[in-house]
Each structure stands twice: as C-alpha cells, then as structure tokens.
Amino acid sequence: MRRPMVAGNWKMHGTRASVAELINGLRHLALPSGVDVAVFPPCLYINQVIDGLKGKSISVGAQNSAVESMQGALTGEIAPSQLVDAGCSLVLVGHSERRQIMGERDGMLNRKFAAAQACGLIPVLCVGETLEQREAGKTLEVVGRQLGSIIEELGVGAFANAVIAYEPVWAIGTGLTATPQQAQDVHKAIREQLAAENSEVARGVRLLYGGSVKAANAVELFGMPDIDGGLIGGASLNADEFGAICRAAGN
C-alpha cells in the first residue's frame, strides 16, 4: 500500500514575516497520521522553516539543486550535499517553470536527479505537457519522454527512492484543473511505463498530481487509484487550505 503524500511548493513567494506566519499556521494544523507532508520553501527561508517546524511531522525540501552533488565552483547554485547539511530531505527536479522559463532540458535534469540521490535526497521528478501538446494528442508522448530520459540514463531502479509529480503545464496557476479521469489516465500510463521495466518499482512509486489542486477538488482527485497525493502550489500558501488538502489525502 502506497503511503499518500502532500507537498507544498511555495515557489518564489514569501518574506521572513510571511513565512513566520505560515509556519505558525502549519504548526497548529491537525495533520492525518497516515500522510507524508512536505513543504518546499524558497532556499533563503529553508533554515527558518526547518527551525520553525521542529517537532512537527512535516519534511522540508528544496525547489532546485545543482547538477553536481558536492560543493564547488558553481556560482549561484546550491549543491545537494549543502541541502542535506541544511536539513532538507527532498528536492524538486524538472518543475515545468524550470523547464519552460529556465530552459532546463532532460539531460541536465538527469544529472540533477542523480546528484540529489547520491547525497541521500529524495528527488520529486515533475513531468507534464503544455496545452498545445495536449490538444495535439501528445500528452502521453511528452510525459513518456520526460520519464524515459531518466529510465534510459539511470535505470528504472532510480525510481525506487523517488517521487513523480504529474503537472499539466496548462493547469499550473491558471485555475484550470485536469478532470480526475484525465489525471488518472496519465498516472496510469506513467505506472505502466515503469511496470514495463520493473513491476515492483511501478507498484511502489508514489505519483502525485499537481495543477490547481484545492480542498474543493482534492477528495475526488485523490480518490483515483493511481493518484497518491498532490504537489500543491498556491493553495499551500494558506495553512488552513493546505491542511484541508492533507486531510483529503488521509481519507
């Protein structure tokens, strides 16, 4: 049985004051015991969040990390080893905003994924298609290629200690949401692609859905057989809304 997971991606939001307020809200949440909960704050506030959430069952991750696992001469980057030293346990890899805006390609993301795992971080690989690609009927082709790049270079076994998040680009921050069945269809295809290589890995890996998830639609989304939780954007900036989504995953 896969343990549900809800992860909050705070993106480039927050000040020390607003982060402190959000931490306080999270500390007062009654979270379901059967759900893994994580937050991904901006790197400047990672230490503040880790310190503020001590004693609370909420893991802290980073939104990005370097292609090299150890510290060195790579200006502006943060090594996975440094994230571990700071207290992080997870890192996002390949979020659509990194792919679309920062131009990160599969080869670079393979290196980031491997570097993170080499340091003991759990990578959360983000995959998803644009609206143009969906309308052209290329959703499974695009997602399959993004997933297949990791499998080809690192082997399917790399997903034994990783999480996959399907985030249709057209549903991120737009208010649009894939229907539960649309999301399930892609999640099922992802699991089948993994199963073609290793059925045990496929059964065990957690697949999260991201794309305008809210408390109002979380129950129906999380009720799908291959959706194991969510990667939450804007709704994770409101502690009460985030808590409601976590409880939906627990149900």
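Just so you know, glycine gets a Cβ as well, placed from its N, Cα and C.
Residues ASN9, TRP10, LYS11, GLY173, GLY233, GLY234 are given by Swiss-Prot as substrate binders; from SER33, SER212, that same site also lists SER212. Each residue in HIS13, ILE172, ILE232, ALA235, SER236, LEU237 lies on the same chain as ASN9, TRP10, LYS11, GLY173, SER212, GLY233, GLY234 and has a C-beta within 8 Å of the C-beta centroid of that substrate site, without being one of the site residues. Close to HIS95 (active site, electrophile) in the fold, though at least 6 residues off in sequence, lie ASN9, GLN63, ASN64, CYS126, GLU167, each with a CB less than 8 Å from its CB. Cβ neighbour count for SER212 (substrate binding site) (all protein chains, 10 Å cutoff from its Cβ): 20.
Looking at the residues that bind substrate per the record, ASN9, TRP10, LYS11, GLY173, SER212, GLY233, GLY234, the two CA atoms farthest apart are separated by 14 Å.
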